[in-house]
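Novice: Structure provided below as structure tokens; questions to follow.
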Amino acid sequence: MVVLRLSFALLLLLNVVFLAYGIPKPDDEENIDGDIPHSPLDHDSDGEKHFEGGHHNKQYDHEAFLGEDEAKSFDQLPPEESKRRLGLIVDRIDDDKDGFVTLSELKRWIEYTQRRYIDEDVNRTWKMHNPDNNDTISWEVYRDNVYGFLDTMDKEEIENDEHSMSFKRLLKRDRRRWGVADKDLDDKLTREEFTAFLHPEDHPTMKDVVLTETIEDIDTDGDGKISVDEYIADMYRNSEPNDEEPEWVKSEREGFAKFRDINGDGFLDREEVRTWIVPKDFDHAESEAKHLVFEADTDDDEKLTKEEILEKYDVFVGSQATDFGEALARHDEF
Ligand SMILES: *[C@@H]1O[C@H](CO)[C@@H](O)[C@H](O)[C@H]1NC(C)=O
Ligand SMILES: *[C@@H]1O[C@H](CO)[C@@H](O)[C@H](O)[C@H]1NC(C)=O
């Protein structure tokens, strides 16, 4: 059971992290005041959705700003303490110590926290699967650690258990992703290859498999393309079948036709999904930095003082129940 629990945490990490950082929000810049068309980054590992109604996701802001681990620990702090620590962080971000945080200082900070997060995550996961610190991890070892429990169940048992079924699907997905990350085709991953496997977002060679995974997630009828209903279902589900859709869902429907479905055939094909989730020249850190400046720059001088940042401390380090924490808590009975 311990292995299972570890595995689940790992899967959550894999998916949550990947989705938090993996897929940029293409229209962030054009829609900087919060009217951001949805992006698949709002999945969590169960495929449950918690899109915040087309509004910029606060959780996402402070994860970008603090790194996911830090964001979690800030969420436990009382407001006064989190403000105090934010003040200390601001001093660090202000590289040239001129009393202002500029867009480029903020961007560099966000890049740094992301690198640090990925680094720590890879370290942690690498150690977990490779306690001997060998040069590589073999697929069999990884598979046994994460999915080995499936071998102790018979077919029927697996089919009657939703969690086991989702593990089975994840196993297939991991297998494929592993193969793509394995550059020298020895079925073992070096630390570098393992990083690409765990965090494909930064790796150009992983883009296609990421795209495939995203399409599979959203394409529920499996016809290889995404209808407007699948697109909407990915971000919103009626709690009552006859409930009227909220405004933001209607505007997402319009957005589908206007921005996503480029050839106007009513579906998103692979290339249209690619344009949506992996736009060229999109700089995630810059976009996030711009958004934070926009939120906090009260006097419109395009740089932030410590006071301006502390004034909007909830945007930077706001304490909200994290989806991630909830997800972990939910699965803790395992
Ligand atoms: C990750 O591990 C490497 C190698 O052991 C180490 O140099 C690095 O500092 C670690 N990074 C973090 C963020 O812990
Ligand atoms: C590390 O390598 C040794 C020697 O090849 C091997 O016996 C051991 O099983 C490996 N450890 C893991 C976790 O794969």
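Every residue gets a Cβ built from N, Cα and C, even glycine.
From TrEMBL, for reference:
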SIGNAL    1-22  signal peptide
REGION    30-54  region 'Disordered'
COMPBIAS  40-54  compositional bias 'Basic and acidic residues'
DOMAIN    81-116  domain 'EF-hand'
DOMAIN    206-241  domain 'EF-hand'
DOMAIN    261-283  domain 'EF-hand'
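Help me picture these features in the structure, burial and contacts included.
Specialist: Below 8 angstroms of C-beta separation, residues 21, 64-67, 70, 74, 285-286, 288-290, 292-293, 302-306, 309-310, 313, 316-317, 319 of the same chain, each at least six residues beyond the ends of the domain 'EF-hand' (81-116), sit close to that stretch.
If you average pLDDT over the domain 'EF-hand' (206-241) in this model, you get 90.
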